[in-house]
There are 2 protein chains.
Amino acid sequence: MERLKAIIQYDGTNYAGYQIQPNGNTVQAELEKALSKMHKGRKVKVTASGRTDSGVHALGQVIHFDTDLNIPVENWKRALSSMLPQDIYILSVEQVGRDFHARYDAKGKEYRYFIWNDQEPNIFKRHYRYHIKADLDVAAMQQACKYIEGEHDFTSFCSPRTDIKGDKIRLIHEASVQKEGEELVFVFRGSGFLYNMVRILVGTLVEVGRHDRDPGEIPMIIEAKEREAAGKTAPPQGLFLREVFYDED
Amino acid sequence: MERLKAIIQYDGTNYAGYQIQPNGNTVQAELEKALSKMHKGRKVKVTASGRTDSGVHALGQVIHFDTDLNIPVENWKRALSSMLPQDIYILSVEQVGRDFHARYDAKGKEYRYFIWNDQEPNIFKRHYRYHIKADLDVAAMQQACKYIEGEHDFTSFCSPRTDIKGDKIRLIHEASVQKEGEELVFVFRGSGFLYNMVRILVGTLVEVGRHDRDPGEIPMIIEAKEREAAGKTAPPQGLFLREVFYDED
């Protein structure tokens, strides 16, 4: 048996999220189905760095699984990709130590969130962008982002539906937003993220961009440590898991 | 009764083309269903500048229809858009003379065709780009484009499944291709286009880009006046009807 680590992309539009669940198609189920076919019907468990919600996309999700197949590692990318639907793609596969764990060993993650900020919708990006018609004050949102960076208890930015048992202190290395044409591109890079944290951060920043909140309110929202203090949860389709960081990187 | 002209966009991914047909959902059927609801169930016939095939998109298709509803013309855009699915959007609605005809009055059209030219696919653009891994010689394709411009009999670039009864002479004002990052963007602007013409032109230009054909073969392909002389038909998902031109423009 050897352990393989793969970096994968998926379009979350047609999935009920990453993680296997009783109702609805999931990315994990597609991966395990493809691997099971390759392993003559035997079940192969896939472990990811974390789950993503329904409609959320991945540019660089990381998974691991164990195999006893005699496939040279350089052929795995093509072999596995060819078994998967068009909306899941294998970027790379490498052999790792038997103790590598995609979730426990993850040292951090980067998410991106995209807003289509124009009077007119872009129907071709409707599954990949959050459409906001109103002019947003990008400078005010950038100012608010500065308060998010650093180590904080992010309880206010965590969905109460979380199953996290430990503390909600996370270290955010970068929180930023830039205007690129009709789009706003948010970057969030940190040690870890709570359930719905990026979407609640974006929803709150949008309220700052609309002048419904002052950038200076962010420290108070953090301090409150209750979900009600923060803004709405932005919709899933603008969110992309961009990269997962490990020590060996 | 007044006649309205509308400029519309649609994502052709989930449609069996523009035109109503017995099997499969079509853009025209969605438009007529929405208009019928607005007209208390009465049938409203919609006429477009031309049809588009299954999977082909529109950035600026033009339609006309007649109505006796008492809606101010400036409210029509929002009223009709709100009745349509997310993949069809009304860009503008204006009142025109009772003799305006979206198809017969069209003086020309512009199409764009997009290729995703990279080793790796882009799963987020799989419905909107033709993916080609091989390096394409853009300069050779540009040279070939020059032979397409002008007035020619384009029989070689017309699907034999056409129902065109007149001649196949068309005037092409612009045929060009540019590299923009990982994408190749083709522009075709002309007096009119035959069935599958843009897709056969792109398929043939791609063969030039792969060095399977010489740019200088284009005049001979045109001269042959038979479909077999030209290259393969490029797939539908890269094709966008960009604009329809009328005299009043």
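Cβ coordinates are placed from backbone N, Cα and C, and glycine is handled just like the others.
Where the annotation comes from TrEMBL, it is an automatic prediction and has not been curated.
Copied over from TrEMBL:
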- B:D53: active site, nucleophile (ACT_SITE)
- B:Y111: substrate binding site (BINDING)
- B:6-105: domain 'Pseudouridine synthase I TruA alpha/beta' (DOMAIN)
- B:144-247: domain 'Pseudouridine synthase I TruA alpha/beta' (DOMAIN)
(request) On the DSSP side of things, how many residues of the domain 'Pseudouridine synthase I TruA alpha/beta' (B:6-105) fall into helix, strand and coil, could you say? (result) 24 helix, 27 strand, 49 coil
(request) Please give the average pLDDT for the domain 'Pseudouridine synthase I TruA alpha/beta' (B:144-247) in this predicted model. (result) 97
(request) Rounded to the nearest Å, what's the C-alpha distance separating B:Y111 (substrate binding site) and B:D53 (active site, nucleophile)? Just drop the number here, would you? (result) 13
(request) Give me the non-local Cβ neighbours of B:D53 (active site, nucleophile): same chain, 6+ apart in sequence, Cβ-Cβ under 8 Å, ordered along the sequence. (result) B:G12, B:G17, B:N196, B:P236, B:L239
(request) Quick one: give me the count of other CB atoms within 10 A of the CB of the residue listed as 'substrate binding site'. (result) 24
